[in-house]
Amino acid sequence: MGMQMKNSKKMMTLMALCLSVAITTSGYATTLPDIPEPLKNGTGAIDNNGVIYVGLGSAGTSWYKIDLKKQHKDWERIKSFPGGAREQSVSVFLNGELYVFGGVGKESNEAPLQVYSDVYKYTPAKNTWQKVNTISPVGLTGHTVVKLNETMALITGGVNEHIFDKYFIDIAAAAGDDSEKNRVIYNYFNKPSKDYFFNKIVFIYNAKENTWENAGELPGAGTAGSSSAMENNSLTLINGELKPGLRTDVIYRAIWDNDKLTWLKNSQLPPSPGEQHQEGLAGAFSGYSQGVLLVGGGANFPGAKQNYTDGKFYAHEGINKKWRDEVYGLINGHWQYVGKMKQPLGYGVSVNYGDEIFLIGGENAKGKPVSSVISFAMHDGKLLIE
């Protein structure tokens, strides 16, 4: 039995190696220039005309666009965001306008970080921003969004606004007192996941009516930093944090039909080659190519899941954060490892255009923002990266 297990593991490793990534300039993947500013923890979306918009995060209030249909593709700066610098916003095009939801930032240099519940929209034809007369039902940071149709977007996940804000208020109050600061940090992280009350309500925002609707709840725990993807009427929510420092490998899937979500059976992301367990990912890239759902990059804390299972609630204490370079694909209903990125990256912007997925910016293994734009595509069952 032991020999069979060893042989089985060897075979799985060989299969994974056979699916190794191909770095190509064959024309199946598009080369785009770097963003003018390094970008991590920002946001972005693509309109129906093939124009990508990205901004915020480490770029401050800056926004840029690039037209994929032009022969000479260059980034152009658009009007700066009026709502102040912020990170972890999400954005989507509705009715031809770019909507930006929530995020986390400071009202002033002296103020602590806080979660936002506001909404802004950008009108490309006028190059203007406008604050929408609405607020989200809950504060939105660490949330995710998908476009359901031209007027409606689905938003779910995210941290608990009150718990998150209180942590940064306490950190600010402890300035200059290392002992008190360490106590605040320990008390914040040393709790079970259920005590963080991450959002599990699914909201539908209707841009035409400027209304919010409760579409039910996730079939499991609420998460923050999950990846999301939508193709036709199939929704997928991939991994994320259960609490700060602790990821989940669970993948939620649902069908959107007749203005209703029907949840399907959960699945799990498999371990990467050479590893026994999958910690789960936060800040990963995702998108579809030739019908294959791809997810790559992100970050986790190897060993945190086992610590939590063993009863250590401050599960990532003393563990170095690891940025990932693995790419997984959902092929014929099964998740599998399909290759590696050129470098470990997470917390960038992923945009789908046809069969290509553009990974814009991100955070490298040193925690620094990057300005690169990477293109993913599946071709003849192989992962191509430009």
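First residue shown is number 1, and so on along the chain.
The backbone N, Cα and C atoms fix where each Cβ goes, and this holds for glycine too.
The annotation signal peptide is assigned in Swiss-Prot to 1-29.
Per Swiss-Prot, the feature repeat 'Kelch 1' maps to 51-95. For the repeat 'Kelch 1' (51-95), same-chain residues at least 6 beyond its ends with a Cβ under 8 Å from one of its own Cβ atoms are 30, 32-33, 35-45, 101-107, 116, 118, 120, 122, 124, 127-129, 131, 140-147, 150-153, 155, 207-208, 349, 351, 353, 358, 360-361, 369.
The average per-residue pLDDT of the prediction over the repeat 'Kelch 2' (97-149) is 97, rounded to a whole number. Taken from Swiss-Prot, the feature repeat 'Kelch 2' applies to 97-149.
As annotated by Swiss-Prot, repeat 'Kelch 3' applies to 151-186.
Positions annotated as repeat 'Kelch 4' by Swiss-Prot: 187-232. For the repeat 'Kelch 4' (187-232), the DSSP-based tally of helix, strand and coil residues reads 7 helix, 19 strand, 20 coil.
The repeat 'Kelch 5' annotation in Swiss-Prot covers 235-284.
Under a cutoff of 8 A between CB atoms, and with a sequence separation of 6+ in the same chain, the neighbours of E241 (active site, proton acceptor) are G142, F198, T223, A224, G225, R247, T248, A282. The active site, proton acceptor annotation in Swiss-Prot covers E241 and is backed by sequence analysis.
The repeat 'Kelch 6' annotation in Swiss-Prot covers 306-355.
For 357-386, the entry in Swiss-Prot reads repeat 'Kelch 7'. Mapped onto DSSP classes, the repeat 'Kelch 7' (357-386) shows 0 helix, 17 strand, 13 coil.
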